[in-house]
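Undergrad: Shown below is the structure under consideration.
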Amino acid sequence: SMSFNRVCCLFVRSHEFARGLVEVQEEVKEEGVGHVAMRNLFSLETSSMETITVEKKSRKRHIRESADRLELSKKVEERAEFRKKQNSDNLTHPPEFIVRPRGQTVWEGKTVKLHCTVSGWPKPRIAWYKNNVVIDEKAHPDKYTAESNYNMHSLEIKSCDFLDTAQYRVSALNIKGESSSVATVVIKNGFCSEHGVTFETAIIDSFEVAFGREGETLSLGCTVIVYPTVKRYQPDVLWYRDGKALAESKWVHTHWSGEKATLTLVHLNKEDEGLYTLRVNTKSGFQSYSAYVFVRDEEVELEGVPVAPLDVCCHDANKDYVVVTWKQPAVEGSSSILGYFIDRCEVGHHHWAQCNDTPVKYARFPVTGLIEGRSYTFRVRAINRAGVSRPSRASDPVIAIDPHDRARHRAGPSAPFTGMIKFTEEDATVGVVPGEPTDLVVTEATKNYVVLAWSPPAQRGHEGVVYLVEKCVAGSECWQRANTGMPVKSPRFALFDLAEGKSYSFRVRCCNSAGMSEASSATGDITVGDMLDLPAAPGPAVATRNTDTSVVVSWGASKDVKHLVGYYINYTVAGSDVWTPANNKPVKGTRFVCHGLNTGESCVFRVKAVNAAGYSHSSLESEAVVVKAAIPDVPSGVHLMEAARDYMVLAWREPAVTGGADIRGYFVDYRTVKGGAVTCTSYKAENLKENLFYQFQVRAINMAGVSEASLPSAALECKEWTIAKPGAPHDLHVLEVRDSSLVLLWEPPTFDGRTPVNGFYVDIKEAVAGEDWKGVHEKATKLKYMKVNGLIAGRSYVFRVRAQNLAGVGKTSAVLGPVLALTMPGTHEIILDVDDDGVISMIFECSEMAEGSEFIWSKNYKTLTDTSRLTIVTEGVLFLYHVIPFKTQMAMELLEKGRVRFWTQVEKFTTGCHVDYVFNDAIVENGEKYQMNFDKNSGIIEMFMDSLAVTDEGTFTFNLVDGKAKGSTSLVLIGEEFRELQKKSEFEHAEWIRRQGPHFVDYLGFQVTPECNVLLKATIGNIRPETEIRWYKDGLEIEEDDADYKKIEMKDEVLIFNIGKVRKLQWGRGVDRWGEDLGHIHNLSKKDAGVYEVKLKDARGKDKSMFNLTEAGYQTVLNELFRVIANSSTEISVKSTEHGIVLYSLITYHMEDLQVGWLHKEAKIAHSDRVQCGVTGEQLWLKVNEPTEKDKGKYTINICDGKDGVKRFCDLSGQDRARVVGGLPDVVTIQEGKSLNLTGNVWGDPAPEVTWMKNDRELVSDERYALKFEHGKFASITIAAVTTTDSGKYALLVKNKYGTEAGEFTVSVYIPEEEKKKE
């Protein structure tokens, strides 16, 4: 009976379970394959249970059935668990990515396939997005193919191009939620410059040692060749002065064209003197080139006065106080410098106020009495007995503000990762008497002043405080107020008018409206006098020959000198007492190369040191050294001029330095040395073998010896030339070198090409870096000489010539030069004279005639052979010829009011010279249309026309008759040239009429200030009080009661309209310069777009100017804003956090429209949970959590500037985050009394700091805990005899600048069983 009941109960339970499975099957519409198989298995077993019968069993069978029952019970439990899972609340779950899509980088034309695996119930729906735009693969089957098989999904992108570079996101969605994953696909469309390329950099056409004068503009430049050439790859080009990188400023401009690097120094000053270095960085290394730039002083206005000081800087600025420092000049003048005057000027004003009444001898001066919150610039003037020097270059602006306030302004908003500025208010505390100042010290003491510094009191209330300074003569108890007439707001104060040699003590009090504090602790007795001594004289100067224009000077350093500024080197020609400075900016080393010396002169050198106290005595003078080079320089530019089957014609440039003697000849080497010297700079190498390659080198010889060999030429093939264009001209040389002109001569090429040479082109450029070649003339000349005019005296030039034939322009000649444009002393000119009969006499005198000397007269630089019309007298040297010479051919220029002036200048003529003015072969007379003038004192002939009409197109001629001599000069104005001149004349006439009344000097435009203020500006002229100035926006006048009217001002005839500010503002900070509450100034927006117009009007006339700030104009302003913001960004900095590292750059302001991109190894960084980027206030940041090896490399932030963007870089290659890499177990179980010794392996670059922790408290090494860190890799902890108190949670904490990590483990100390029983 009991057995039957047990079987029936089991059957009923099985039946109910099977019925439950059917109900679940109706509820669940979609089931997994595993669930179906399990259900069928249970159904079969249930059906077999229905046939159970009761019968008598043997023991063996009973045991077997018992085992079957145990197995059945296990299956029943499994059924119950399965039914539990069939409950809908337990079965469904949100989508989850098992395998996420991975980013890929491929070449153009390839196919990309993104894969992912997603789980979830009900089955999620999948969608793909490109840059957050859904991808419709059915609409673009030729581009995309999306597949879904079971839980695996894929997106195929076919025939990729550059536009397929994007972030691709896959989204999975069901009723329980949504999940997504992002992958970045980068398509590269060219050769990758970062893989397998080794760049080679060469710097050619480099700048030489340069000399400039104050006020001039100087350019330095080099041509840079980077091989191989990779598309869109640009090296980093940097400029340095004395080892410090140069930044773009109003004084320094840099330019990189892709081939030439140029540095322009605007308005030179002595601060610009130094060693300039061009450095070109590539991923394979760098190349650099350096040369010195000397800046000479501007000519002094009064003989004997000193030159201007230099390097004016501001330090320790506070609310009403700043320290100004400078460097003494190299030249003191006719007497020693008595002192210096310091001037200040408020930024935005032009009035300079003198800060000190008595000259200060010390090159450091505290300026007091500044107004808090205002900006100032400073300059310094030196004075001696002869007078006052010119002022120095003005310092950079400095703000009179508390240093804590300045730091707070620079820090920006303090709320992290929100971009919000938080304000807190404290209850006003009325009646709080401030505490006494602390830490009073004397920071500077000279015989002119003493500077005190102290710390503000900790308790001072919430209102401003001022300080009272008191002094006491040593030995007395009488304290006197030192600042009776001036309240002190800064914790700095300078005391003047103290008695030199006396001792004083000082103390400070603090006061506000509630009362006065107690006095601070007094200083010790301070004796008034200079704390800094003059430097000792340097060691003896030693001069060594260097080149033909330079000498190397070395000396011993000054001993026991404090705060050395540098050394000045002076030199003089032996036998003279006139000392000239070799450098105008102090140098720190004990060796200097003095350039710019005259070859052959015997020079003596001396050195003096300088610090803030003044100059030292001069060193012992060096021995006289002759400025002279020893042997010729190396010839250069060996090149091929012509080639035939068995010979080649070579040419080269003569050495730039001849070694002090004339070059006697050259030796030409090719395999073997030619036996005799060649006297010209070309050579025909004969008896060569056809189709073989040869290399050539040249050596110069003079009386001192033979120079080094030139660089070998390229491998030249002895093969007959068949090219169509001509070869290069050769034998370039110059004659008649003067201050403003010279004559260049050359020989035609030895190889003409297919057709004869029919002309030449002459190119010129200044011999300084950064200059480009310019054509001297537009049309080819058939002559073999040319007079080049327009040179600047004292500057050097280089020349080259090109020949042309019918096939085109051939190769350029070797470069000639540099040639200095300077009239040498003793130069004589040909004197012209004209007698009454028009006979011209040409006279040339030579005072250095020697035996065998003769005069050779030339015409067009060819010796005269036809003397039928000439009479040459050797004694007296008289040359006769019948012609009227012109100094200047006829020229034309536009004058004010659009008038036209035709003019020429005659060189020699008599008083009877007559001029006919001819237009189109018709003589014109002086009248209303034409006004003529012939100034017979200067020889200038002029004709004026008030305007040009259409009928004035043609040829203008001046015909001269002077006795038997005649002369003529003409100017042709026809076609496009005449029409262009006519338009200019009409425009100038209209402009003159406009300028008679109120008018715009500079039309309305915009300016973005460094603070991101957008200003509309226009400069106006000829304004009177009654002149009406009206502003309009979109045709509507801006009235006085309009809000925009408060943004308009005029200053120094400059109209300014502040249309918007785009910087963050703090509420309640007062009002701005236009009187508007700063809290209500809005950012520039589309509401400010429009057409702005300004109209000027009075009785004399009217004018207007318009600025279109819509569409393109508005975008232009935004682009300029972006440029200002982008260029204000700092270099990328790195800081570590407990989760990883943060890379950041600071900008002056951030706009929502500003585009910022982060790149890692030139690939755009995808946003994820581990890598995030964003903006906090003015900080652009990239956060990398848990950095790995893959996160190393070069990081770049690209900030939009309206063009190509401004990039800042940070290279994290070779650095590792601190890690615990092994050696520590998870759990340590140890018996009481045993010794515990654990060692952890750590890693990191730089080497990490190691800390051991127990239960979150730091352990220190003592008698119980022995902590060691060895070789920067192994950290160990030793406990000699553990007890139960040593149980707990331990951690090995490692940290470096790139991150922090902890290796945790648990220590469990147990007591043995025997010990427990004893207890």
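Quick reminder: no glycine exception, Cβ is built from N, Cα and C everywhere.
Automatic prediction, not curation, is the source of TrEMBL annotations.
I grabbed these lines from TrEMBL:
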{"type": "DOMAIN", "residues": "95-186", "note": "domain 'Ig-like'"}
{"type": "DOMAIN", "residues": "214-294", "note": "domain 'Ig-like'"}
{"type": "DOMAIN", "residues": "308-403", "note": "domain 'Fibronectin type-III'"}
{"type": "DOMAIN", "residues": "436-531", "note": "domain 'Fibronectin type-III'"}
{"type": "DOMAIN", "residues": "537-633", "note": "domain 'Fibronectin type-III'"}
{"type": "DOMAIN", "residues": "634-721", "note": "domain 'Fibronectin type-III'"}
{"type": "DOMAIN", "residues": "728-826", "note": "domain 'Fibronectin type-III'"}
{"type": "DOMAIN", "residues": "1230-1308", "note": "domain 'Ig-like'"}
Undergrad: For the domain 'Fibronectin type-III' (634-721), what is the mean per-residue pLDDT, to the nearest integer?
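TA: Mean pLDDT for the domain 'Fibronectin type-III' (634-721): 70.
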Undergrad: Which range wins on Cβ pairs under 8 Å with the domain 'Fibronectin type-III' (537-633): 214-294, 308-403, 436-531, 728-826?
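TA: Top-ranked stretch among 214-294, 308-403, 436-531, 728-826: 308-403.
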Undergrad: Compare 95-186, 214-294, 308-403, 728-826 by their Cβ pairs under 8 Å to the domain 'Fibronectin type-III' (436-531) and return the stretch that comes out on top.
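TA: The stretch I would name here is 308-403.
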Undergrad: When each of 95-186, 214-294, 308-403 is checked against the domain 'Fibronectin type-III' (728-826) for Cβ pairs under 8 Å, which one has the most?
TA: 214-294
Undergrad: Is it possible to list how many residues within the domain 'Fibronectin type-III' (436-531) are helical, extended or coil according to DSSP?
TA: 0 helix, 45 strand, 51 coil
Undergrad: Let's see if you can do this one: DSSP helix, strand and coil counts over the domain 'Ig-like' (1230-1308), in that order.
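TA: Across the domain 'Ig-like' (1230-1308), DSSP assigns the residues as follows: 3 helix, 51 strand, 25 coil.
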Undergrad: In the domain 'Fibronectin type-III' (537-633), how many residues does DSSP put in helix, strand and coil?
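TA: Grouping H, G, I as helix and E, B as strand yields 0 helix, 42 strand, 55 coil.
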Undergrad: Could you count the residues of the domain 'Fibronectin type-III' (728-826) that DSSP puts in helix, in strand and in coil?
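TA: Per-class counts: 0 helix, 47 strand, 52 coil.
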